[in-house]
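Novice: The L-histidine binding site feature in TrEMBL is assigned to Glu81, Gly82, Thr83, Arg113, Gln127, Glu131, Arg258, Tyr262, Tyr263. Per TrEMBL, the feature domain 'Aminoacyl-transfer RNA synthetases class-II family profile' maps to 1-320.
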Amino acid sequence: MSVNIPRGTQDILPGTVEKWQHIEKIATDICRNYQYKEIRTPIFEHTELFQRNVGDTTDIVQKEMYTFTDRGDRSLTLRPEGTAAVVRSFVENKMFGDPNQPVKLYYNGPMFRYERPQSGRYRQFVQFGVEAIGSEDPAIDAEVLALVMDIYQTAGLQKIELVINSLGDTDSRTAHREALVNHFQPRIGEFCTDCQSRLEKNPLRILDCKKDRDHELMKSAPSILDFLNDYSRTYFEKVQSYLTALEIEFTVDPTLVRGLDYYNHTAFEIMSNAEGFGAITTLCGGGRYNGLVSQMGGPDVPGIGFAFSMERFLAAIEAEGIEWQEENRLDCFVASLGEEAKDYTVKLVHDLRKAGIKAERDYQNRKMKAQFKAADRLKARFVAILGEDELKENKINVKDMETGEQQEVALAELTETLLKKVEAK
Ligand code: ATP
Ligand code: MG
């Protein structure tokens, strides 16, 4: 009996993998320019890490985690997001003691959420994210935003929109929270059961509810921006003025709240408004999390970060119809005729590859014509033809597949000749 791929997951096949590699390269190159270094954390963590730090009123913790008990009776969870683990590692490895602060990190890897699969929503998806931990300078908020916009723009995306908000500091949030409770309490019975439990635990998250988003009390809900104290307001204004200086367009949306519990001050999302992108328009989400490091047992240092999924990034690229040149073109296909010549090409192709030439040969015992067809399919720039006669004379024919020109070269000089020809292309 055959076994199929699990729901909400996908195989990324050759042909598509190159697209992934392309955007991964853009993202990692840009991170390097901005001086972010890669961190790799385990795929699974203690369940507690997410329960306590992502927050037990969040969708992720309440409904979406892949949690299992291992043979040693420990509760482990496949990571649903990256920040909690990066901050855990920051604390555990005492990165706060590094003289280079803030610590600027990026990650790229699979995350797991038990979601209802649909376009743009998978159970295993790949998140690329950055975290800058150790600075509470609005300039670092602007830098993180500039970085992600740079990645998207370098990939060619134009129809994207940056939306920001401030969630304020603890004082501002406490005041806002009270106003929210007063606002929703009298009619909370009209909201979903999730919102009813959010009212006590985290009323801010009611604003993020997908079921009740059209309720009239949503639109009239008190805005966090009216509750920002001086520090929070000045901070937010500074972030905005830096963004303006960097010529990064943005809009402020006071109803933007992020799904995770740990955010304060700057919160943001980037949307795609490309036609045909689909119902889910959020490409990227992130924000500042000043209490998270100390909550995990580290010193009281602030942080900010974002994460986006590669799947939605690629979907946006597709929706905008962006194409790019495939780089991994075959330089030379070595065609051969006769048993002896065939044997000889085993080492010949190996030598070409060792010299940095992208080379291929026939493994299907094809006739010469079929070997040329194969070379065509592989878009080979050159075909080197070795027959019994050429082999006897220690020669080989090199055909330029674009111009049709043929040149006979000494076998010993093939590598050098090809290197020059490929270079000249
Ligand atoms: P959504 O509102 O779409 O559920 P979220 O608030 O759960 O998003 P975050 O936890 O902020 O998303 O994750 C950051 C980014 O990761 C999202 O903006 C999106 O690009 C991506 N993402 C989240 N969940 C999925 C998923 N199930 N499949 C693919 N990408 C996802
Ligand atoms: Mg979600």
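Placed from the backbone N, Cα and C atoms, the Cβ positions cover glycine too.
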Novice: Secondary structure at Gln127 (L-histidine binding site) (DSSP, helix/strand/coil)?
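Specialist: DSSP call for Gln127 (L-histidine binding site): strand.
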Novice: Counting Cβ atoms within 10 Å of each candidate's own Cβ, which of the binding-site residues Thr83, Gln127 comes out highest?
Specialist: Thr83
Novice: Within 10 Å of the Cβ of Glu81 (L-histidine binding site), how many other Cβ atoms can you find? Include all protein chains, please.
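Specialist: Cβ-Cβ neighbours of Glu81 (L-histidine binding site) within 10 Å number 22.
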Novice: Please work out the number of neighbouring Cβ atoms within 10 Å of the Cβ of Tyr263 (L-histidine binding site), leaving out its own Cβ.
Specialist: 26
Novice: For Arg258 (L-histidine binding site), just count the other CB atoms lying within 10 A of its CB, please.
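Specialist: So the Cβ neighbour count for Arg258 (L-histidine binding site) comes to 20.
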Novice: Note the mean pLDDT of the domain 'Aminoacyl-transfer RNA synthetases class-II family profile' (1-320), expressed as a whole number.
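Specialist: Taking every residue of the domain 'Aminoacyl-transfer RNA synthetases class-II family profile' (1-320) together, the mean pLDDT is 94.
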Novice: Please give the L-histidine site's span as the largest CA-CA distance among Glu81, Gly82, Thr83, Arg113, Gln127, Glu131, Arg258, Tyr262, Tyr263, to the nearest whole angstrom.
Specialist: 21
